[in-house]
């Protein structure tokens, strides 16, 4: 495989038109989006889809295994496109064959399964930067495996192959380009291993994972001696569509598949089922013996339109390589230049010291990085990805399906990773920082249609949210003329959310409401669960859930549910009995043999699902998601709030009282069981959530002050004041005198009492509420914007967490043992806080 070192990077040089013109016509979905995840998949052009549509509507394609005219047309097109694909990679069809597979992983598995079927098994070696799918091959290697952690180890191993005389079968696999950080490893290894193999008895084959590489660079297999035995790739990485992969096989290495046992339709010439089982494999070509069943012939035909469109727009992969290298270098330089007010760097980039964006043989257009604040503390990857998402910037975070490369870059050992797993860390979760170090990486990857605007937008995003400015002082000083014991607060409003993540039911003024140990009566007792996965739905993924509005009719003992925007008269209504065993036809099917396992905020629970088709149809039709209503079971299986987490949050106040972490203290020994754990139903973290009206007002002042005139009409609309409803609090408190507002004073509360006299109830403050992008969903329209999360990220970030509101828990013994009622509260009740600094 040949790579050009000397080609100078240039912005869209050689393209058919300026890239911005191409974007406007071919990629209209990029109008309001900055897409920086081309290593995951690049984007398909409008004209590709239109061309494919014309092809399908203008031709009749049958199953290529039949002999009809339509079937033979399909077979002919598949053969032609197979040849076109080989030529796209400069692979001589006399020397190579191409097998269509679902994706690169399917190609890897095809090779691994064939080697596993050999009588003695095989040995496997892989490079540390390998994709997870390459790592997984080691589980099939009977003769053992080895992970090579640097180039010197590989070179040393290759040099020793010539002296080995024992006969053995092996496979060495590595990526042409790391999908984590774009590092490119030496292409000479394939040629060197083949040369050593000719001088020894061992049979070491080479497998090149080119999936990441081919998305922006030309794969050149014209030098046969240097080409891998097997090359895997995915076409959607290059064209965006179709979802199809390929395994390119050197014909001289095809004997590897002779021990393959499984056969599918289309891969055999004859099969006997009577008497002794026997079959004859097709021998005419490698691809005929490996492509089991009917090929995805429509997807293969779409590949023809993909080649045509890509060539027309970008002319060549060399042009794409030059364009993306130019942008990557510019982005790297600008990220390196970002500094906080105190001179410390913002971005930690993970690059090999031998890599350079000026050298196509050493580096591709991918940037892997993490961020630090001005105090040198790491910023969690999940927070960055969430904030980027609400600003319509698409990036990737995590271990990026590259466990070895990520661990090596972050300095994690295998023992470290096992400790993290024992502590609860899983792929895709938000355990961002452990042992005061990041557990994952942020990734930006560029593609053929990326532009300078994408670079400028991302840099502006970092400058706005992650480049610290000189501090202007800390909010919430307690003034000396305010009596801490004067009950100057009251309950402005009370709300319950009968169905988790759906609309609020505002408790009417003058109505006293029961408080139970698990929170306000009827709060988050129901939820919607996906009928396929069993996972509870939430507004982060389905913002229209805000328009599902429950009403509690206690007189008739009904939960009345309407769907649609506020004040809409078109919404449908569903009534559910509040009794667990009802007489209504919709509720008689509840609970009886209807237990359903589900996942709520990471907890495994068993819910009681409504089995009536009318119930599931009501919610499914509105959301467009197959779901049904479910109810949390009786208190015998109540979930509990994590006091360990609350204790950490509790110390994260503006006085910065938290103790420094003790080196080597992770993981901590399990804490003793809490004799009085705080019960919760389907709420995320605590029985009740409290916010302050004055804090909402201050936040809205910050939102408005940050607003600037903008040519984008949508941006101006997103900067309007937000309603308190977006925080989905149970209790909103306000000062008795509006002129005496003290924003964020609740951050200093240790506990509070609501009411007076015999009706007074006490609540402990468990900690601050960590916010996510769900607060950006307008609870009246179901539309998602970028506020208030964008402003909270600037004004309320405390030690990596964006905080607003307080988790509270009622204290006391139930007055009513049957329903666990501790007492009642109502709108207008006095609120008397106690403070952290009180003795």
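Quick reminder: no glycine exception, Cβ is built from N, Cα and C everywhere.
Of all ranges given (623-650, 651-678, 679-706, 707-734), Swiss-Prot attaches the label region 'Disordered' to 651-678. For residue 401 (active site), applying a Cβ distance below 8 Å and a minimum sequence separation of six or more within one chain yields 131, 132, 133, 179. According to DSSP, residue 401 (active site) sits in a coil region rather than a helix or strand. When other Cβ atoms within 10 Å of the Cβ of residue 237 (N6-(pyridoxal phosphate)lysine) are tallied across all protein chains shown, the result is 24.
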